[in-house]
Amino acid sequence: MDKKTIYFICTGNSCRSQMAEGWGKKILGDEWQVYSGGIEAHGVNPKAIEAMKEVGIDISNHTSNLIDKNILNQSDLVVTLCSDADNNCPILPPNVKKEHWGFDDPAGKPWSEFQRVRDEIKTAIESFKTR
């Protein structure tokens, strides 16, 4: 069975989409190829790396990437994680489904916000897996 492709997108591919890629690979990896990208590339936020490390997921080797049109066009599902990405998502081919899962941006906020958003993303991906 070929794996489906899920592509997580946020503004800077720095926090939310990086954490979603980490959780996605752990939770969905048997059935899905998991990628992330951004409208811009801001670099991976060190606090996002630390937040995921706290739950045993290493995203320290991830890079912050702009949206890759090839991955985008070959995805089965594109998930936008913030309103900016939702509003500025490139046009998708008709065969690519899109969903919006909005999460607060933890960048520049207290550590507890990174933990909260990390856990909310995990819950959303676990919920997605069971539907």
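The backbone N, Cα and C atoms fix where each Cβ goes, glycine too.
Marked as active site, nucleophile by Swiss-Prot on the basis of sequence analysis: Cys10 (among others). In this view, Cys10 (active site, nucleophile) is surrounded by 28 other Cβ atoms within 10 Å of its Cβ, with every protein chain counted.
Per Swiss-Prot, the feature active site, nucleophile maps to Cys82 (among others); the stated evidence is sequence analysis. The Cβ of Cys82 (active site, nucleophile) has Cys10, Thr11, Arg16, Gly102, Phe103, Asp105 as same-chain neighbours under 8 Å, each 6 or more residues away in sequence.
The active site, nucleophile annotation in Swiss-Prot covers Cys89 (among others). Classification of Cys89 (active site, nucleophile) by DSSP places it in coil, neither helical nor stranded.
In three-state terms derived from DSSP, Cys10 (active site, nucleophile) belongs to an extended strand segment. Taken from Swiss-Prot, the feature disulfide bond covers Cys10-Cys82 (among others).
Around the Cβ of Cys89 (active site, nucleophile), 16 further Cβ atoms fall within 10 Å across all displayed protein chains. Look at Swiss-Prot and you will find Cys82-Cys89 (among others) tagged as disulfide bond.
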